[in-house]
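Participant: According to TrEMBL, the feature transmembrane segment maps to 26-47, 59-78, 98-120, 140-158, 197-216, 237-260, 272-292. Under the heading domain 'G-protein coupled receptors family 1 profile', TrEMBL lists 41-290.
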Amino acid sequence: MERGNDTQISEFLLLGFSEDPELQSIIFGLFLSMYLITVFGNLLIILAITSDSHLHTPMYFFLSNLSFVDICFTSTTIPKMLWNIQTQSKVITYEGCITQIYFLILFAVLDIFLLTAMAYDRFVAICHPLHYTVIMNPRLCGLLVLMSWIINILNSSLQSLMMLQLSFCTNIEIPHFFCELNHMVQLACSDTFVNNIVMYFAAVLLGGGPFAGILYSYSKIVSCIRRISSAQGKYKAFSTCASHLTVVSLFYCTMLGVYLSSAATHNAHSSATASVMYTVITPMLNPFIYSLRNKDMKRALKAFFVRRNV
């Protein structure tokens, strides 16, 4: 691909975590294990929800979509990293890098949108229980998921198309285990002003906006719970959103921590290591959080395995 008078770039190098050959097998085994746990754990959540009619509710509809997105999210980065370690290569093609950026943005922000929809679902269930089935009807739930996909496909397409306009010279080393948008923009040797504006505007609008919605929903939820007179009623109300609140806290706190620490230290390798928290660890832990802290999910999983063994 020609970039004006710049050197033609057809591939980049993903530096990963370490160049020590002795650590490669450990990293390979660790990430392969986490990837398999993530895929099978989230797949079990989807199968349990689809096979149990008692879980055909808005909350579990959003959860099954979240599990599907988490599988896709981790599949965007880890298989390529494992392949590079296995083949002792660091190369990723220019086209592969742009494709990875597209799907990373798509699934990362979809995660945020789905977590926001789940927060709204919990808000309606606790604060407006008598109108829950009317408000959270199947049409609205389907529309929320559909609109999330449409908005994020458009956002990912815009970000990827703008990446195609950038020129890359001789610096082709990416200090990460995947093609991260911000690092790629920093590597460009052409003007990136418009890219930065669009990138940060999208981050504020599509990241900060939903986060504000989650905070607002939970402020209302806390207010409603405080008005409940019995301690048992308060516990029951809070337990219905405890799993979701745990996942939201884990996802946002790790992502915020990564970007604040990278901005403070300017250490790319530290940022790559820290980003494992929200790109790998959080999707892996989601099935455990929702299954171990949720009686309905534990019952559905038990029933699923019993049917499989009959």
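Each residue, glycine too, has its Cβ placed from N, Cα and C.
Just tell me what is around each of these and how deep it sits.
Facilitator: The average pLDDT computed over the domain 'G-protein coupled receptors family 1 profile' (41-290) stands at 88.
Among residues of the same chain six or more beyond the transmembrane segment (98-120), those with a C-beta under 8 A of the stretch's C-beta atoms are 59, 62-63, 65-66, 69-70, 72-73, 76-77, 80, 92, 141, 144-145, 148-149, 151-153, 155-157, 159-160, 163-164, 178-181, 184, 206-207, 210-211, 213-214, 217-218, 241, 244, 247-248, 251, 279.
Counting only same-chain residues 6+ beyond the ends of the transmembrane segment (197-216), those with a CB under 8 A from a CB of the stretch are 109, 112-113, 115-116, 119-120, 151-152, 155, 158-159, 162, 181-182, 185, 248, 252.
Same-chain neighbours of the transmembrane segment (272-292): 16-17, 31, 34-35, 37-38, 41-42, 44-45, 63, 66-67, 70-71, 73-74, 77-78, 108, 175-178, 180, 243, 246-247, 250-251, 254-255, 257-258, 261-262, 298, 301, counting only residues six or more beyond its ends whose CB sits under 8 Å from a CB of the stretch.
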Participant: In terms of Cβ proximity under 8 Å, which residues at least six beyond the ends of the transmembrane segment (140-158) contact it?
Facilitator: 58, 61-62, 65, 102-103, 105-106, 109-110, 113-114, 117, 198, 202, 206
